[in-house]
Amino acid sequence: MHGRLKVKTSEEQAEAKRLEREQKLKLYQSATQAVFQKRQAGELDESVLELTSQILGANPDFATLWNCRREVLQQLETQKSPEELAALVKAELGFLESCLRVNPKSYGTWHHRCWLLGRLPEPNWTRELELCARFLEVDERNFHCWDYRRFVATQAAVPPAEELAFTDSLITRNFSNYSSWHYRSCLLPQLHPQPDSGPQGRLPEDVLLKELELVQNAFFTDPNDQSAWFYHRWLLGRADPQDALRCLHVSRDEACLTVSFSRPLLVGSRMEILLLMVDDSPLIVEWRTPDGRNRPSHVWLCDLPAASLNDQLPQHTFRVIWTAGDVQKECVLLKGRQEGWCRDSTTDEQLFRCELSVEKSTVLQSELESCKELQELEPENKWCLLTIILLMRALDPLLYEKETLQYFQTLKAVDPMRATYLDDLRSKFLLENSVLKMEYAEVRVLHLAHKDLTVLCHLEQLLLVTHLDLSHNRLRTLPPALAALRCLEVLQASDNAIESLDGVTNLPRLQELLLCNNRLQQPAVLQPLASCPRLVLLNLQGNPLCQAVGILEQLAELLPSVSSVLT
């Protein structure tokens, strides 16, 4: 077989590769050691740039070596002439571009480029925008490059309209571009700022309708791509609610004033200050949260001195001023009354969704019908199903309540991995609907039984509720936010899966608590109930703790004020 090329065996090939790797490793370690020695000795010269170039050219993610290069460049700035420094910077920019070709998603390389350009007196931002465009042509989802482009656009004061046009070009080329859609959500509010009186964070209606048409084209082209669906969800999002005092409640019995707000706030911080006026005179009080935790909360309360509740006067006027929101609310406590309150006459638009014009309602109704048609063609498309639900919520949550629940069942079957999330979202929507119905009826009783709830939310909306029925659901716990229900007298929570009562604390009016057929294991889990001073009736039938020896004696010691315990 003379004259034929000898072919290496697999073992020989493996050995050759091993030797090659060892040689590269030795060179890598040798260069790295030399860099660190020079750095320790303070020899920050161009030889360090050469050594680090050898390493970073192959592995741009060595962050420490980028730090070394910055130290060298800072040193050379004081030693080089302007012409020499310009040549050095030009070479550094070229080296950075070569590193990005090795790894276009190198954190260290992009950061070093930002640092370098930030030190130049007159950077060539046009060149940097072209660089971004080239790398985004290779990978339009490179979020490192997108971050860098936003940095460049900010530094160069590129008009938002030009950047929006750039996203148009990329989206037109490929709808599946989450970064482009996200960038649009940042640019459009800059291009179309709302007046001070308008809803902040939202778009003018004509712009919104055009964007809805664009994104609809995207998800009809590729129904399974999630980026357009997420952008569509942002478009449907409600505006940031205006700061408001939702409800003000005064109790003579508890000598307490309670306030609920449109958003969580931390009273006592530099920006969040509450002032209390009683009969037009300022009163210094200490504010606290219902659950005693010093953290942002929708509900805050304070104790009132006896003088401010004197029943000899015909009435007392309480006014709370929220300085950050520049809003205030007042209520009157009449002689002979044990409580007084003032509550916003809220509508569903103010509480949970945006108010829709006739034109926008027509467009959303058309979108809903189109999504239903798409769902018939793509019956297992989870994004389409979820969007149908959200469109129904945006249009009329009460009108579409029954249909929405049916779509939730379909969505859970299509996407079983997110069943828990969908159960919680469904619970949230059901509770919102129940709050709306209660608002319209102007009652203080809320029935949430047999709704298959898995979570409780919006409890700050229930400040005035006296009777709450949560029985026959799938609740595993009662959240600390339950302490916001300062007027609650009767709580029915039987036939759930409740294991903890940590949230049932500091309810000053709670008299009856029904917890039949839950999963309460030990008497110790009832300890939080000791903070409810008026609790007299406690029904624990059907819970595992009822089987404990001497349970009645333990409960009598644990909850001495409860006169009737059913086990």
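Quick reminder: no glycine exception, Cβ is built from N, Cα and C everywhere.
Some features that Swiss-Prot has for this protein:
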REPEAT    44-78  repeat 'PFTA 1'
REPEAT    88-122  repeat 'PFTA 2'
MOD_RES   S98  phosphoserine
REPEAT    124-158  repeat 'PFTA 3'
REPEAT    159-193  repeat 'PFTA 4'
REPEAT    207-241  repeat 'PFTA 5'
REPEAT    363-397  repeat 'PFTA 6'
REPEAT    442-463  repeat 'LRR 1'
REPEAT    464-486  repeat 'LRR 2'
REPEAT    487-508  repeat 'LRR 3'
REPEAT    509-530  repeat 'LRR 4'
REPEAT    534-555  repeat 'LRR 5'
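With a threshold of 8 Å between CB atoms, the same-chain residues lying at least 6 positions outside the repeat 'LRR 4' (509-530) that come near it are 254, 466, 471, 476, 486-503, 536-545, 548, 551, 554-555, 558-559, 562. Within its own chain, the repeat 'PFTA 4' (159-193) has Cβ neighbours under 8 Å at 133, 136, 140-143, 146, 150, 153, 201-204, 207, 211, 214-215, 217-219, 221-222, 225-228, 230-231, 234, counting only residues six or more beyond its boundaries.
The largest share of C-beta pairs under 8 angstroms with the repeat 'PFTA 6' (363-397) comes from 207-241, of the ranges 207-241, 464-486, 487-508. A Cβ distance under 8 Å defines the sequence-distant neighbours of the repeat 'LRR 2' (464-486), meaning residues of its chain 6+ beyond its ends; these are 247, 249, 251, 254, 256, 258, 260, 289-291, 293, 297-299, 301, 341, 343, 423, 438, 444-456, 492-509, 514, 519. Other C-beta atoms found within 10 angstroms of the C-beta of the residue listed as 'phosphoserine' number 13, with every protein chain shown included. Panel annotation: around the repeat 'LRR 3' (487-508), residues 249, 251, 253-254, 256, 290-292, 339, 444, 449, 462-481, 514-521, 525-526, 528-529, 531-534, 539, 542 of the same chain, lying at least six beyond its termini, place a Cβ under 8 Å from a Cβ of the stretch. Residues 171, 175-178, 181-182, 184-185, 188, 192, 199-201, 262-263, 350, 352-354, 359-360, 363-364, 367, 370, 374, 378, 381, 383-384, 386-387, 390-391, 394 of the same chain sit 6 or more residues outside the repeat 'PFTA 5' (207-241) yet have a Cβ under 8 Å from a Cβ within it.
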